[in-house]
Amino acid sequence: MKKSHAKPFALRAIVVATAAALSLPAAAVTDVTWEDIANDHKTTGDVLTYGLGLKAQRHSPLKAINTDNVANLVPAWSFSFGGEKQRGQEAQVLVHDGVIYATASYSRIFAIDARSGKRLWEYNARLPDDIRPCCDVVNRGAAIYGDKVFFGTLDAAMVALDRKTGKVVWRKKFGDHKVGYTMTGAPFVIKDQKSGRTLLVHGSSGDEFGVVGWLFARDPDTGEEVWARPMVEGHMGRLNGKDSTPTGDPKAPSWPDDPNSPTGKVEAWSQGGGAPWQTASFDVENNMVVIGAGNPAPWNTWKRTAPGDDPRNWDSLFTSGQAYVDASTGELKGFYQHTPNDAWDFSGNNSVVLFEYKDPKTGKMVNASAHADRNGFFFVTDRDMLAKGAGYPNKPTSLIGAWPFVDGITWASGFDLKTGKPIEKDNRPPQPKEGADKGESIFVSPPFLGGTNWHPMSYSPDTGLFYIPANHWAMDYWTENVTYKAGSAYLGQGFRIKNLFDDHVGILRAIDPSPARSLGAQGRVPAVAGTLTTAGGWVFTGTSDGYLKAFDAKNGKELWKFQTGSGVVSVPVTWEMDGEQYVAIQSGYGGAVPLWGGDMAELTKQVTQGGSMWVFKLPKASR
């Protein structure tokens, strides 16, 4: 995923589980149905999904706030998450029946009156002091269905709460937090198109501690596991509580053998990573859960390469790519790998946005996926081919195109559209020489923090453009010796993040998809907040030095900004209530950059911590 060889951020406080303050009146809350969720992309009174729809396009049809009046936005209210529990606030909120559901750092969730900003209830998870989040004590959001709201906790549990009261309905552990399992991403609700069963889908986190990543589907009423899919080739999945099928080839040929190992494979295979720690999208037509798979463990590519061999001969499947999983069985139907045998921690977790792509050669529309990867390339893949097994041996590639969206990429010059493989430059970090503790340092761009990180992009069907919060930066990078030890960081790489250019780091990029073109929106500090588009013609995002900003979606002109008092590393939403359009975003600096960002951490050290949510609307005179 995204941090250094330093010790993980340690928690020392025990947080008491509470459901506090006022509960919601029964008449005020209606159950959320599957039809509500399936229509989230076109309804305007609620925000029911992470991504504003099953396709994760993050586009709203609302247009009361437009390019002519967005400069008049004013705060409607703000809400403090309170206490000393600040750190990074990375969540996207949900909105239903006039109530906002907002998760916050340290595994907390709040129900807030959307009209007044009044707290209705609060739930604080009881966290042990031996949890191991790699990249801050963050939470990125919740899911909502029926009369419940769901979110994950840093001690590797999924929790269901009564939406009216905040009381726990069920809680399920899915991994051992002491060895590194945790959860930071928002869960997602889908409906199996074959059985008609509604499922709660979520992944695990923990690649940096050498744990195998898993994708889970649960019964939202009981929390019971329906299926579970490991993301490392050859590991066994589960269905209805029993072993089902291995992921890919049971012999795991993309990972080297080791005759001296009890498993017959190299150590890394047993600890192989691939955690799907971000939130899924859902391909209804093909009945597939679509999600990014994380980096292999350890980062050290030589630990996943046969002795004396070329790392490019090994893929470390099924890591650092986009996975297509059968909603009925949990079988891996297809896979596209962005970075084979990933040596740079580029991972593959960034959002996978589903859209319809017009083939410029034939004019035909293709059911496609779009993904802006940390490796600096923007990918378009064919979903229908992935539903038929693309990515497996002897199957054609699903890759339609791959375009760079940042400058100065050092690891590859492009992609072969026939094979789907990168055209690598000779830029993998060398092994330590005999007797040395570390290898020779190399210059890498983008760094492991990525050309863009997890912060989700948006897609506007009005402009046909994707809007990516991108960064121009680099790192010095060297290999270190590493052996697995339970509960310890399992990297085998050292690094120092640094500037690529003197005049900027963050940049808002638009891609159509074709060669990326800049919208002209650059910043001195990293761009580490998600984007939102609307039919009003603007793009909304935040900056790590505390601003919320609106840009013209056609030309990138800055139209409005507001200083929140702390860095913005979250994801904006918009909805309509009482005839008015609202915009909301969280403020509170944290995440990977201040912890592991090297020179970039120095660049933002003046940014104060915070923990708040801001809600905006137009004054009456401007409507």
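Cβ atoms are placed via backbone N, Cα and C, with glycine included.
The pyrroloquinoline quinone binding site annotation in Swiss-Prot covers GLU90, ARG140, THR184, HIS202, GLY203, SER204, ARG374, ALA592, and the record cites similarity to another entry as its basis. The Cβ of ARG140 (pyrroloquinoline quinone binding site) lies under 8 Å from the Cβ of TYR50, GLU90, ALA91, GLN92, THR103, THR184, GLY185, ALA186, GLN278, THR279, TRP454, VAL571, each of which sits 6+ residues away along the same chain.
Of all Cβ atoms in the shown protein chains, 26 besides its own fall within 10 Å of the Cβ of CYS135 (disulfide bond). The disulfide bond feature in Swiss-Prot is assigned to CYS134-CYS135; the stated evidence is similarity to another entry.
Feature annotation from Swiss-Prot assigns Ca(2+) 2 binding site to GLU208, ASN295, ASP345; the stated evidence is similarity to another entry.
Taken from Swiss-Prot, the feature region 'Disordered' covers 235-274 (among others). Remote same-chain residues near the region 'Disordered' (235-274) are listed as 207, 210-213, 225-229, 293-298, 303-306, 309, 314-320, 329-332, 392-393, 483-484, 490 (criterion: CB distance under 8 Å, separation of at least six residues from the stretch ends).
For 420-440 (among others), the entry in Swiss-Prot reads region 'Disordered'. Residue counts for the region 'Disordered' (420-440) under DSSP (helix as H, G, I; strand as E, B; rest coil) come to 0 helix, 4 strand, 17 coil.
Take the binding-site residues HIS202, ARG374: by the count of other Cβ atoms within 10 Å of each Cβ, the lowest one is HIS202. When every Cα pair among GLU90, ARG140, THR184, HIS202, GLY203, SER204, ARG374, ALA592 is compared, the largest distance found for this pyrroloquinoline quinone site is 21 Å. Residue environment of ASP345 (Ca(2+) 2 binding site) contains 31 other Cβ atoms, counted within 10 Å of its Cβ in all protein chains. Note on proximity: among CYS135, HIS202, ARG374, ALA592, the recorded positions of the record, the Cα nearest GLU208 (Ca(2+) 2 binding site) is that of CYS135.
Among the recorded positions CYS134, CYS135, ASN295, ASP345, the ones whose Cα is located within 10 Å of the Cα of ARG374 (pyrroloquinoline quinone binding site) are ASP345. In the structure shown, the C-beta of ALA592 has more C-beta neighbours within 10 angstroms than that of any other entry among the recorded positions CYS134, ALA592. Under the three-state DSSP scheme, CYS134 (disulfide bond) falls in the coil class. Using a 10 Å radius centred on the Cβ of GLY203 (pyrroloquinoline quinone binding site) and all shown protein chains, the other Cβ atoms total 31. Using a 10 Å radius centred on the Cβ of THR184 (pyrroloquinoline quinone binding site) and all shown protein chains, the other Cβ atoms total 30.
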